[in-house]
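Noted in TrEMBL for the protein shown:
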- 135-385: domain 'SAM-dependent MTase RsmB/NOP-type' (DOMAIN)
- 248, 286: S-adenosyl-L-methionine binding site (BINDING)
- 339: active site, nucleophile (ACT_SITE)
Ligand SMILES: C[S@@+](CC[C@H](N)C(=O)[O-])C[C@H]1O[C@@H](n2cnc3c(N)ncnc32)[C@H](O)[C@@H]1O
């Protein structure tokens, strides 16, 4: 496919996304209907679609319309591409710009330029202070592909050698001593022998750094209370020899965990929703949140979030802390984590908890901002007794 034909494909997919179809579904549907497209075409189209979703407001402003075509005109203008060459109408290229389209569009300003919803702008700025604009700019860009080396099976050098043998080039990241940044061959990772044999997992760098900061020690009983796919359960089990338990209110989220644990060579016991019993030395609550620290990877979330959802999430976060603290053994640790940069989900939640529970104290609070080696994350470590 020509670069222009890829733009046309992205326009069609984005129109479906704007009509409410999930981006992944729209991309898969297009690929099924377009067998002629090769893997490089599909990858380039995917990049256009996700770039446009991340920068939906600013591209629509530049392109003059909130349509697939408007977004792609906006992308071409923002990335200083040759609009006339791409919108030529030749072959499978999109039609040339009409006079009205050529005259439409404006330089985005304020929340529009930051690609943040208007209702969220003040909360975002209050949470991030003088970092707000820099963080919004990072959220407009693509996320790095990162791996976690499973230290139960390999060290960094062994994992790199194995990956390199399959055309996947990496370099160690500073954010965590288990993290590798993929510099070439990212799309080959999930089919590689290194991945299939459990030497590496796909995991964001800051997600690994959160686990590094937990006071894990051999022999601990550890409960991952909001385990989801189990990314952090496995990272914890990779760092210490102990007994690991995974729980999630939605049992369906845990289905892949036994196979992932087997591949990683670790044991994880699944606990059914509401059936947690006994006490644990460390309870991690990686709670549901806005995902604002990882909107580069899941940009739909930025536009789906509403003030009502955020306040509902705040209520869930509070009740998870209240439930989970009861499972911490005397002298044990309660860890609260989010992939958010919003203070109402982070420090304010922990401050609220501490004001209700005088017996708990905070031993660590850390915010990672989205950057070249990872997403935005928050961690608070609490102890009692
Ligand atoms: C941020 S995700 C966890 C991601 C996971 N820790 C990882 O690293 O892959 C939050 C999880 O919390 C779960 N959850 C929501 N409400 C919950 C509750 N009241 N108790 C326990 N888990 C809950 C969700 O189903 C979701 O899987």
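Glycine is treated like the rest: Cβ placed from N, Cα and C.
The residue listed as 'active site, nucleophile' sits 8 Å from residue 286 (S-adenosyl-L-methionine binding site), taking the Cα positions as reference. The C-beta environment of residue 286 (S-adenosyl-L-methionine binding site), restricted to residues of the same chain at least 6 apart in sequence and closer than 8 Å, consists of 210, 224, 225, 226, 227, 228, 232, 337, 338.
Cβ neighbour count for residue 248 (S-adenosyl-L-methionine binding site) (all protein chains, 10 Å cutoff from its Cβ): 20.
Residue environment of residue 339 (active site, nucleophile) contains 28 other Cβ atoms, counted within 10 Å of its Cβ in all protein chains.
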